[in-house]
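According to Swiss-Prot:
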- 65-108: region 'Disordered' (REGION)
- 68-74: motif 'Nuclear localization signal' (MOTIF)
- 75-97: compositional bias 'Basic and acidic residues' (COMPBIAS)
- T108: phosphothreonine (MOD_RES)
- 123-171: region 'Disordered' (REGION)
- S136: phosphoserine (MOD_RES)
- S139: phosphoserine (MOD_RES)
- 145-154: compositional bias 'Acidic residues' (COMPBIAS)
- 168-259: domain 'CS' (DOMAIN)
- 174-332: region 'Interaction with EML4' (REGION)
- K240: N6-acetyllysine (MOD_RES)
- S261: phosphoserine (MOD_RES)
- S275: phosphoserine (MOD_RES)
- S278: phosphoserine (MOD_RES)
- S286: phosphoserine (MOD_RES)
- S299: phosphoserine (MOD_RES)
- S327: phosphoserine (MOD_RES)
Amino acid sequence: MGGEQEEERFDGMLLAMAQQHEGGVQELVNTFFSFLRRKTDFFIGGEEGMAEKLITQTFNHHNQLAQKARREKRARQETERREKAERAARLAKEAKAETPGPQIKELTDEEAERLQLEIDQKKDAEDQEAQLKNGSLDSPGKQDAEDEEDEEDEKDKGKLKPNLGNGADLPNYRWTQTLAELDLAVPFRVSFRLKGKDVVVDIQRRHLRVGLKGQPPVVDGELYNEVKVEESSWLIEDGKVVTVHLEKINKMEWWNRLVTSDPEINTKKINPENSKLSDLDSETRSMVEKMMYDQRQKSMGLPTSDEQKKQEILKKFMDQHPEMDFSKAKFN
């Protein structure tokens, strides 16, 4: 049987036919067999039973393909659900973990002296390493770069530094993100195990609400950008933490906040390596990798990938036309 392109050859025509059949697939199939009966010798042209045999074989072939596609789709969905659950569990565990309280231990004078000496030695070693790494003298180019960095820092003054998940740790909840998705963990200090009936989670295309029933919501505001509601989900972890998974519509941007009422994070300090490029489709992944490469090139004062292509084309053209004088030409 034909390949995928051959199969799709008549899709436009058949789709137009299907749209004119109000009775759906059953009416479309009836029309097709009516055509075979009236305009061809399909039913009577061959040996007895051949037409029925061909129909059965064709049906079985496409039924097997359909069942295989359904199994593969279910397997993909199950894998995605499992990965989301594992990711949500990790996020909930991090949100639930409490920093242990400081333990007070009385030191003797000798122990205190030794501890202070170790601290001083460690600090001196770090300072020396930093000096060796950076050099004792600042070059003019380095000074300009530092001035530019100071200027950028001034613009971003007051913004939060992203957490390890490229999101933010706020007083009442924690969120992390990749370019494609965002995960939120909201811990609740309750004396009982939470159930679905105890919480309110409302995920809309541009709005999110999370809280306990009968209580003011912990999260209630307009999202930074739109999400795919049908691909987003939530669950309760360990009976205490509500985790929400949001699928971004725009998979080429970092959110600087979860909802518009949140404090901003400094997206310039986001570490793209913490995001799983493997989670993205091939087209989006290649675009992200190109964006990251261009960003590194710009930071080093080197041409981007597009600029490199232009330079290669120009060089090739110049090599092909040695008779032309480009010495006075100006290129942008």
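Quick reminder: no glycine exception, Cβ is built from N, Cα and C everywhere.
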Protein Cβ atoms within 10 Å of K240 (N6-acetyllysine), excluding its own:
17
In the predicted model, what is the mean pLDDT computed over the motif 'Nuclear localization signal' (68-74)?
89
Counts of helix, strand and coil residues, the motif 'Nuclear localization signal' (68-74), according to DSSP:
7 helix, 0 strand, 0 coil
Summarise the compositional bias 'Basic and acidic residues' (75-97) by DSSP state, stating how many residues are helix, strand and coil.
22 helix, 0 strand, 1 coil
Could you count the residues of the domain 'CS' (168-259) that DSSP puts in helix, in strand and in coil?
3 helix, 49 strand, 40 coil
